[in-house]
Amino acid sequence: MAKEKFERTKPHVNVGTIGHVDHGKTTLTAAITTVLTKKFGGEAKAYDQIDAAPEEKARGITINTAHVEYETANRHYAHVDCPGHADYVKNMITGAAQMDGAILVCSAADGPMPQTREHILLARQVGVPYIIVFLNKCDMVDDAELLELVEMEVRELLSKYDFPGDDTPIVKGSAKLALEGDTGELGEVAIMNLADALDTYIPTPERAVDGAFLMPVEDVFSISGRGTVVTGRVERGIVKVGEEIEIVGIKPTVKTTCTGVEMFRKLLDQGQAGDNVGILLRGTKREDVERGQVLAKPGSITPHTHFTAEVYVLSKDEGGRHTPFFNNYRPQFYFRTTDVTGSIELPKDKEMVMPGDNVSITVKLIAPIAMEEGLRFAIREGGRTVGAGVVAKIIE
């Protein structure tokens, strides 16, 4: 059977299920594919197909993740589901599966549990912009007041972590009933309500090409008679010949002009997100630009040294450290294309961090890096990765 061509007729959105163990994330994932396939076509996935999530590697870290896709009336969704709590932590911190929105699954029978809280906190730290709640197992709760209480608890928890708890859509249902083909309010109807909430509450994400121009510097060459060429892959936006751009990071920010764009030895009038290009810079010396800097639209990104981050520390089995680290630990932080040394300050209540832990830290780098919240990095010691992290808040 020939592979079907991917029809990009509908806007594409990335989502995922989060929540406490055994609250029904995987059952819900199976139910969504089953119900939406009946209505909009596609391929249904059974529970055990999703549960047997294959291993992947992201930044050298092994993560089990299941990927499914489904359609609604006006969108195409890619959806990730992880079997274990540790997989969620790694997935969200490494950005292996960037989410435009998350579906928080919470059992109406149990209410919010420790991982419910932890996943909401992680979503906040790593910059998941929207959360929709699916209150699962509602068929097991006869008391309407109890349901109301659980809903209130979930809303309060969301508000506590700076999500708009009062305005968050909460869909009540039973993933199990929906999966079994029950057409009632808690069954297939609830799944359609959830699909509707996804379509209306999560805005269509900005495409990479529509963002402000940014290109990490990978290499710098000097071409006699023409000037300095910087190569790299455009991360977002478009750069046109003749436009002003800034060189940001490591050293003080300088402005220059793009006088040429080439790809595969051909001259172009612009380079855009996804392109591997060489950019010719006017009046810039070879020694003015180095790996680790970025070329960017003027004013769109600034250099920083001091920030808070959420990090995952690799376990010994993953090739990480064998021993814990303590306050003022000084590893290298690998941002985009280069390492910068920095020191780590642990939270007051944390004396040390063990391999396999995730923790919120404060970092001070010895040189500034073009940075924004949500930027991913690796933590390295002498070239080997010992952790992964994401910038949560910029301090200065």
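Using the three backbone atoms N, Cα and C, a Cβ is placed for every residue, glycine included.
Taken verbatim from Swiss-Prot:
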BINDING   19-26, 81-85, 136-139  GTP binding site
BINDING   T26  Mg(2+) binding site
DOMAIN    10-206  domain 'tr-type G'
REGION    19-26  region 'G1'
REGION    60-64  region 'G2'
REGION    81-84  region 'G3'
REGION    136-139  region 'G4'
Report, as numbers and ranges, which residues of the same chain sit near the region 'G2' (60-64): CB under 8 Å and 6 or more residues beyond its ends. 53-54, 82-84, 87, 90-91, 94, 96, 312, 314, 318-319, 378, 385, 388
Give me the long-range Cβ neighbours of C82 (GTP binding site): same chain, 6+ apart, Cβ under 8 Å, in sequence order. G16, A53, I63, N64, T65, A66, Y88, N91
So which one is it: of the binding-site residues K25, H85, which has the fewest other Cβ atoms within 10 Å? H85
Per DSSP, H85 (GTP binding site) is which: helix, strand or coil? helix
Between T26 (Mg(2+) binding site) and C138 (GTP binding site), what C-alpha distance do you get in Å? 16
Can you break down the region 'G4' (136-139) into helix, strand and coil residue counts using DSSP? 2 helix, 1 strand, 1 coil
What are the non-local neighbours of G19 (GTP binding site), defined as same-chain residues 6+ apart in sequence with CB under 8 A from its CB? K25, L104, V105, C106, Q115, T116, H119
Under 8 Å by Cβ from C138 (GTP binding site), same chain, sequence gap 6 or more: A108, L147, K172, G173, S174, L186, A190
Fewest other CB within 10 angstroms, which one of the binding-site residues D22, T26? D22
What are the DSSP helix, strand and coil residue counts for the region 'G1' (19-26)? 2 helix, 1 strand, 5 coil
